[in-house]
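Novice: TrEMBL lists these features:
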REPEAT    225-259  repeat 'PPR'
REPEAT    260-294  repeat 'PPR'
REPEAT    330-364  repeat 'PPR'
REPEAT    399-433  repeat 'PPR'
REPEAT    434-468  repeat 'PPR'
REPEAT    660-694  repeat 'PPR'
REPEAT    695-731  repeat 'PPR'
REPEAT    766-800  repeat 'PPR'
REPEAT    801-835  repeat 'PPR'
REPEAT    836-870  repeat 'PPR'
REPEAT    871-905  repeat 'PPR'
REPEAT    906-940  repeat 'PPR'
């Protein structure tokens, strides 16, 4: 057979007569299909004649004119969509009653998880549950094998299988249990238990163990069933070991076990993913010969693989089979073929296919011509794409999405001005640019340091009624940060004197120059951000500007230097009496503003800061204000020193300082943040009975913590939300998202619907209101309810899709509906909406969970290729993914890269990394991170300390574990004044 030699080159130990069976089958296949495909051969003959004519034409675009015709001959746009609508309706029918094509597509959506479900099927058998608990509880003094022997449990193969399945994520423990069972009298492993262990080893990529288990099965005369072979093919296929896959497949047939449709689909998918088009085709032909069902996804993979390899005649063969064998409508088939030609950059073939369709009088949806335009742009043939667009204009096929594709093509080639020329022509012709088009243009302007021009484009987008999405805001913020970096360079040029690691301006004149530079820089972005609807708080984007304006404008240099001197004293290791002596040596005129700044900068040193607060309050020429009291109360609460917080509040009242709603809000927030929501509610009631009216922030922060995981009280949150509305405070987007997430997680969908109705009445747009609820439903795993709500929107559906598609993709991936998620991404790409970094991050997380590291890293690369910037969540997902696969050095490389180049690791990143390290027995490295957190401005939580403490104890490092407790106590003492 043709691919036999290729197979031998893929693996060093193939069978000598491998796959010879296919030769005879292929001959039979060709003979059996000769008659039923004769009419397609005739069609191909005519096609070849047509192609010859086409190549003789002076320009392929003359053919396009003939295909599209004159405006009077415009193509009917309903060709494909009517079938697709029917297909969607069919998905709601029971599987066995659907037409074969629809059933095939639905089965393919479930196929990827079918094997795992058949092997790793969670079970709650009481005995299996108890055994699993013994295995997974780590005890350095007694091994789980000893505890199992003492337990006296009776083991049968079914129980063993269930335990192995429940230990899927801890493969090393599963294998220890597997070996221990073999030593028990009268017990022999069955095919089922071997299958489960093989699957676990394959998922962990322990192929030495896989080989060992296979040999054991042969030695024990344990027969292999179809599931055994399928698991082996799947495991080798995931890591691209093609030779081993083929060897296993042939061994399966030689053993007398006939491969089923699942095995064939796995081998074909694996070969397509590896680019082995010829071999994949031979297996496909066997499937057809054996009357095995081929689903739509497999057809598409074959088409893309064959087209990419240049085997165009086989692309035609697959297309014929799709029409003849699977009875797929011609419009759908030719659309798939056109797409595969464009993806592989075979534009001439795509043009010729369109010409052939014209001769057959087969009409395609205008979307297919968009695919052709995109294919031309992707192959850097923008001029050719423009010629096609001119022809499409005559048939009124052009829309904003088509223009956006060409603009993207120009930008990829670095032709910024050409892109803007197309952008201007687009608007002049009456087409509204999409948000993705605006975003890409802004991004390239920021990269070219044309900051004001980018902000002007943003203003234009708002004026035209195009609502920015999260990607647009991200691009805007990135531009602001890039500008801020330039400001830092100005300051570095101005700073010349060094004193205790603080660089000082050399003159007030230099200071004014830098200040004016920053203020001028920040104005355009502040304008952009203020264009959003009024809320309780400005958008998060604007907060990024506040530190710049606070640091650089109205800068009182002498006062700030004094603050730094005091902070240096308070953050030292001296005791309070020594700190007091150091403060007395400085002649300082204390003001409430100076004290407030000191408290703000010393939040990590609560003990010293609160001692300073008490000491400075006793000075004869100084009195605390409500603002300084509020900050001291906040410091006490953040250190969980609630006793001192209460004392400060009583002192505040005793000295006649004004107790405002802000004071109450701070106390309520500190109790709620610690999970003491009952006390927080009690303080809220006290506040009202004291005659102090809650403000918008009081409602917001109490609601946020009532809806949080820690101390959640949903009924009280619903009541408080209605109280907030009655008080005529409009919640901002951040609060609405938290509130809706809480409601959807606990199943209070009717309350979520009421909230949506209220939002519409309060000035939120209909798409935005719906999108907030739909996102919350997706995060809660309620995809069916989310989809039902999408269908309610009506004419504003397209705008809504841009808001929610990332959430839908995330929800589908969490539900294991990978094919649907990827199809959603492809659909939005076709509509001109590029995947956001959050969509890519969701895909990375999913494929790391499936231990498909190559796919995960491919999506990470696409983030940069699409002009996006990875977020802290993206990098954290990489760290977690590497740790789950025990690729510790790679995880550390990502973490160090974050510290060096940004985004800087935050509390969640540190916590996640420490937990992962402790889980795999590397708690000393986690201890290193724990000690590093304070120097990075992050306060470790009690959970962080507990995680590392338990991890070190499990590893028998009790002395180090004791130092963790000591560090925790030291930190608590630094933050609390009360003993």
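Just so it is clear, glycine is given a Cβ too, placed from its N, Cα and C backbone atoms.
All TrEMBL annotations are machine predictions without curation.
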Novice: Name the range, of those listed as 434-468, 695-731, 766-800, 836-870, that has the largest tally of Cβ pairs under 8 Å with the repeat 'PPR' (225-259).
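Specialist: Between the candidates 434-468, 695-731, 766-800, 836-870, the best contact partner of the repeat 'PPR' (225-259) is 836-870.
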Novice: Below 8 angstroms Cβ to Cβ, which residues of this chain, lying six or more residues outside the repeat 'PPR' (695-731), approach it?
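Specialist: Answer is 535-536, 661-662, 664-665, 668-669, 672-673, 675-678, 680-681, 684, 687, 738-739, 741-743, 746, 748, 751, 755, 758, 762-763.
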Novice: When you scan the chain for residues with a C-beta under 8 Å from the repeat 'PPR' (766-800), skipping those not six or more beyond its ends, what do you find?
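Specialist: Result: 467, 733, 736-737, 740-741, 743-745, 749, 752-753, 755-756, 759-760, 807-808, 810-812, 814-815, 817, 831.
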Novice: State the mean pLDDT for the repeat 'PPR' (871-905).
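Specialist: So the average pLDDT across the repeat 'PPR' (871-905) works out to 91.
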Novice: Tell me whether the repeat 'PPR' (434-468) sits in contact with the repeat 'PPR' (801-835), defined here as at least 3 Cβ pairs under 8 Å among residues 6 or more apart in sequence.
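Specialist: In contact, yes.
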Novice: For the repeat 'PPR' (399-433), which recorded stretch in the set 660-694, 801-835, 871-905 gives the largest number of Cβ pairs separated by under 8 Å?
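Specialist: Comparing 660-694, 801-835, 871-905: 801-835 has the most Cβ pairs near the repeat 'PPR' (399-433).
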Novice: With DSSP as the reference, give the number of residues of the repeat 'PPR' (434-468) in helix, strand and coil.
Specialist: 26 helix, 0 strand, 9 coil
Novice: Which residue counts does DSSP yield for the repeat 'PPR' (766-800) in the helix, strand and coil classes, in that order?
Specialist: 29 helix, 0 strand, 6 coil
